[in-house]
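Feature annotations, reproduced from Swiss-Prot:
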BINDING   Gly12, Pro13, Val14, Gly15, Ser16, Gly17, Lys18, Thr19  GTP binding site
Amino acid sequence: MNTQPLRVGIGGPVGSGKTALTLALCLALRERYNLAVVTNDIYTREDADFLVRNEALAPERIIGVETGGCPHTAIREDASINLEAVDQLNRRFPGLDLILVESGGDNLSATFSPELSDLTIYVIDVSAGDKLPRKGGPGICKSDLLVINKIDLAPLVGASLEMMNSDTQRMRNGKPFVFSNQKTGQGLEEIIAFIERQGLLTAA
């Protein structure tokens, strides 16, 4: 058993599908692992409430943090409020295997700081256009796993998945990425396999 839980940071632009991915991961992993979640919202606990409503986990396993401020920095820069939430969950549920920390915005300095996250997943979506990967940035280039979500929208927005694939390979320089569609579950098993492999998770 891990002495400390694996902490996986999930970041990405507003509306990219972070909460849908967090829900899918909870539903898929809750029978395998001792699991909890921290969500970050600006002035509400909307993401936490969404997870509770959809019965992702028992409500006491989900802590919603209200960060204040603008959506692009919707996780405190020093990560202290999130670290306190993680500590609270550790005290509440001794022997946790995994804590998912979902950022409320696309600011990466705290979400992806080593003190808060052991592994980082960055979610973008196809509706933002097929040029997004080549624009780069820390999330696209440096996250441990990049998830390109909502691939079902590609025909509707005129996005080329082939172009996104080649641009992403170039920008990430060998780091892994996954195309996903949370509505159908496409890509979810690859994401889970990555978390288990890279995080050295072993199911009880």
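Glycine is treated like the rest: Cβ placed from N, Cα and C.
With the fewest other Cβ atoms inside 10 Å of its Cβ, the least crowded of the binding-site residues Gly12, Gly17 in this structure is Gly17. Neighbour list (Ser16 (GTP binding site), Cβ cut-off 8 Å, at least 6 residues apart, same chain): Val123, Ile124, Asp125, Ala128, Asn149, Lys150. Between the listed binding-site residues, namely Pro13, Gly15, the fewest other CB atoms within 10 angstroms of a CB are found at Gly15. Of all Cβ atoms in the protein chains displayed, 28 besides its own lie within 10 Å of the Cβ of Lys18 (GTP binding site).
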